[in-house]
Amino acid sequence: MKSTQSFIYGVLIGILAVVLFSSKAVMVKLAYQYDVDAISVLLLRMLFSFPFYVVIALLSRKKGNTLPVTKKDYVWVVFFGFVGYYLASYFDFVGLTYIKASLERIILFIYPTIVLFFNKIFLKKPITKVQAGAILLTYIGVVIAFWDEVAISGNDTYLGGFFIFLSAVTYASYLVGTGWLIPKFGVVKFTSYAMLVSCVCVFIHYGFINEISLFSFPWQVYGYGFLIAVFATVIPSFLVSMSIKMISSSNFAIVAGIGPISTIILAAIFLNEKLTLLQFFGALIVIIGILFVSLKKESKN
């Protein structure tokens, strides 16, 4: 009975984490309504999340490292923080200036397939016929949803989709590349270090290209920046870890399948976005394909 309750709690925590993560794109789009650019919103996200990750990094540092860590390992932390959190986030935020939040989530959701490709190319891990079929199914779904949006919104959809795809690629490279590094630091410590690197990169980026004062935005933009940082970044990152610990990563992969659906619902409520029946069909195909890829990968591991 106790284990059943724990599993239910784990599922509920996982659902909450996925919904909070899904709200990020919606809140970014809401902030864009006040005529701010991608790097400005990203800067506010990093500014508000920075203190949390500093505290987390300091607290986790006291626990020591799981395995011996060299100076070269810290160089890799900087590199993957740059690629996996700074570049992936920047591409994502830029892409959202061109496409719907719901379509963004559908495209981002394909990152597990890119992980399989990278594992095949760099780690020589084979892709099974079942996985190949699931990957093909996933990309058919993306093409269906994307192509219908091009007919509605025009050529800007191509540019937005390109940036979101770059975000998925950079995040997938981060996941593949950090597989050997995370066990040395531990998940919490590594994540906090990588996020701090990302914050610094965004601060430098903003300092070089923006002439707009940090204190000149409408108050609503600061509010959305805070909400994105706390409720769509910091809190769900820990909820995911809690959920995986309680229900396993394979079960969380199933829960994560609600991500695109929750974004579609939130975007419809807060942004008045509407998907066509064809786009809903494409989204459903993507979800089925990714769930199949994730579960097959987990069972193989």
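For all residues, glycine too, the Cβ spot is worked out from N, Cα and C.
In TrEMBL this protein carries:
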TRANSMEM  7-32  transmembrane segment
DOMAIN    9-146  domain 'EamA'
TRANSMEM  38-59  transmembrane segment
TRANSMEM  74-99  transmembrane segment
TRANSMEM  105-123  transmembrane segment
TRANSMEM  130-147  transmembrane segment
TRANSMEM  159-183  transmembrane segment
DOMAIN    160-294  domain 'EamA'
TRANSMEM  190-209  transmembrane segment
TRANSMEM  221-240  transmembrane segment
TRANSMEM  252-271  transmembrane segment
TRANSMEM  277-295  transmembrane segment
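Applying DSSP to the domain 'EamA' (160-294) sorts its residues as follows: 114 helix, 0 strand, 21 coil. Non-local neighbours of the transmembrane segment (130-147) in the same chain are 103, 106-107, 110, 113, 116, 157, 161, 275, 278-279, 281-290, 292-293, 296-297; each lies 6+ residues outside the stretch with a CB under 8 Å from one of its CB atoms.
Stretch with the most C-beta contacts under 8 angstroms to the transmembrane segment (105-123), considering only 7-32, 74-99, 190-209, 277-295: 277-295. Same-chain residues lying 6+ beyond the ends of the transmembrane segment (190-209) with a Cβ under 8 Å from its Cβ atoms: 39-40, 42-43, 46-47, 49-50, 53-54, 56-57, 60, 77-78, 80-82, 84-86, 89-90, 178, 181-182, 184, 237.
When Cβ-Cβ distances under 8 Å to the transmembrane segment (74-99) are tallied for each of 7-32, 252-271, 277-295, the top count falls to 7-32. Highest Cβ pair count under 8 Å relative to the transmembrane segment (7-32), across stretches 38-59, 252-271, 277-295: 252-271. Note on the domain 'EamA' (160-294): its mean pLDDT in the predicted model is 89.
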